[in-house]
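In Swiss-Prot this protein carries:
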type	residues	note
ACT_SITE	H19	active site, proton acceptor
BINDING	Y14, F64, N66, N112	tRNA binding site
SITE	N9	site 'Discriminates between blocked and unblocked aminoacyl-tRNA'
SITE	D91	site 'Stabilizes the basic form of H active site to accept a proton'
Amino acid sequence: MQLWVGLGNPGPQYALHRHNVGFMALDTIAEVHNFGPVQKKFQGWLQEGRIGTEKVLLLKPATFMNESGRSVGEAMRFYKLGMDALVVFHDELDLAPFKVKVKQGGGTAGHNGLRSIDKHLGPDFLRVRLGIGHPGHKDRVTGHVLGNFAKSEQDDLVDMLGAIASEAALLAKGDNVLFMNNIALRQQTAG
């Protein structure tokens, strides 16, 4: 069993923020793979389903970004999962918009959701980095991250989320390189 976590902030006012692209990824995966109903558990929203042959739990912490680790830690302990079962989908400033990269472990790069998970569980988990691009100057980062995707970006956003969901079985079985390559190919074809 695997636990896939999408990072974001709860509430409709945050739903379309770049910072919530992790939530968006999980919502798309749940829809494409016909996951079960949403349950309120572990200080978040949990859905159960299968991706390929793997049982996968999707968790969106409802704790706000800075406390995501509380929710994730609670779920990991309840299901007695090792760190190799944890996959975290998050927005990444230092990646071009709509690029997808998988990375094992590492630092938090100033991301408060990753910092919280690191604090509660340690750094050794798989990250699916979802590029939102950098606004160019550090003074504009907060407004960029907490801003909505522009109308002109919607097609690229939908293409990225759809590609992630379509290729999710590769991620579930640990074929991270093919997962990334196939997403990039789908995006080139869509563009």
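In case you wondered, yes, glycine gets a Cβ from its N, Cα and C as well.
For N9 (site 'Discriminates between blocked and unblocked aminoacyl-tRNA'), the nearest neighbour among the recorded positions H19, F64, N112, judged by Cα separation, is F64. In sequence order, L7, R18, H19, N20, V21, G22, H111, L130, I132, V145 are the residues near D91 (site 'Stabilizes the basic form of H active site to accept a proton'), counting only same-chain partners six or more apart with C-beta under 8 A. Long-range neighbours of N112 (tRNA binding site) (same chain, six or more residues apart, CB within less than 8 Å of its CB): M65, N66. Sitting within 8 Å of the Cβ centre of Y14, F64, N66, N112, and not among those site residues for tRNA, are the Cβ atoms of N9, H19, T63, M65, E67, S68, G113.
Across the annotated binding residues for tRNA (Y14, F64, N66, N112), the two most widely spaced Cα atoms sit 16 Å apart. Scoring each of the recorded positions (N9, N66) by how many neighbouring Cβ atoms lie within 10 Å, the top position goes to N9. A coil conformation is recorded for F64 (tRNA binding site) in the three-state DSSP classification, outside any helix or strand.
Here Y14 (tRNA binding site) comes close to G8, N20, L146: these same-chain residues lie at least six apart in sequence, with C-beta atoms under 8 angstroms from its C-beta. The Cβ neighbour count for H19 (active site, proton acceptor), using a 10 Å radius and every protein chain shown, is 22. Within its own chain, F64 (tRNA binding site) has N9, P10 as residues 6 or more apart in sequence whose C-beta sits under 8 angstroms from its own.
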